[in-house]
Amino acid sequence: MSIRKTPIAILISGRGSNMRSLIAACAEPDFPASVALVLSNKEDAAGLDYARSLGLPAEAVPHKAFGKDREAHERAIDARLREAGIEFVCLAGYMRLLTPFLTDAWAGRMINIHPSLLPVFPGTHTHERALEAGVRIHGCTVHHVTAGMDEGPIIAQAAVPVFPKKDSADDLAARVLVQEHVLYPAALKAVLGGNSDSVSSEDGLLVV
Ligand code: GRF
């Protein structure tokens, strides 16, 4: 018997490598989600072209058209999500601060991946900040999205070592990104299965 696949949207702003890992996972017959829509706030996001090349619906809703009215932009995003029958949203490098309008509308049905071991290093430039702070372990986090930036309940984390004498921020970003691509589909699968406390520690992940 085939499983029911939850129709998800992926929101991106740029290259979309995490989007690719989610698309690849969703292509597996036993993965509990299908990608029904890719949305970007930027028309030139490289990830849009990739999604379109696979025949997936991929659209831009440019924030610039709404000036400083972030909520008006989010209302346009929300309308597209609902028109497309979306039931769950994955933020994947979506570089917009969200207002309570969108976080409330999708509470419990919207997750994000962040390139640090939250709650340390919320916000941007996480790899530079990890090197400056001298931490020896860094990583990534998949979490529920709430009104506070990068503050929602943690679903899963993957950790990598930091080599302070050798690592540049780019080295560290690349090491973390490998884990992001494994962690995000695993966390999505666990959440959709109602099982977010038990993301397994396969593939060398250090997962909470
Ligand atoms: C990733 O590091 C993600 O954790 C962060 O932004 C980056 C997006 O990369 N939120 P990509 O567009 O998924 O390649």
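Every residue gets a Cβ built from N, Cα and C, even glycine.
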(request) Please state which member of Arg52, Arg70, Arg136 TrEMBL lists alongside Met95, Arg96, Leu97, Leu98, Asn112 for binding (6R)-10-formyltetrahydrofolate. (result) Arg70
(request) Just name the most isolated of the binding-site residues Ser17, Asn18, Asn112, going by other Cβ atoms within 10 Å of its Cβ. (result) Ser17
(request) Sort out the sequence-distant neighbours of His114 (active site, proton donor) for me: same chain, 6+ apart, CB within less than 8 Å of its CB, listed by position. (result) Pro122, Thr126, Cys140, Thr141, Val142, His143, Asp150
(request) Out of Met95, Leu97, Leu98, give me whichever of these binding-site residues has the highest number of other Cβ atoms within 10 Å. (result) Leu98
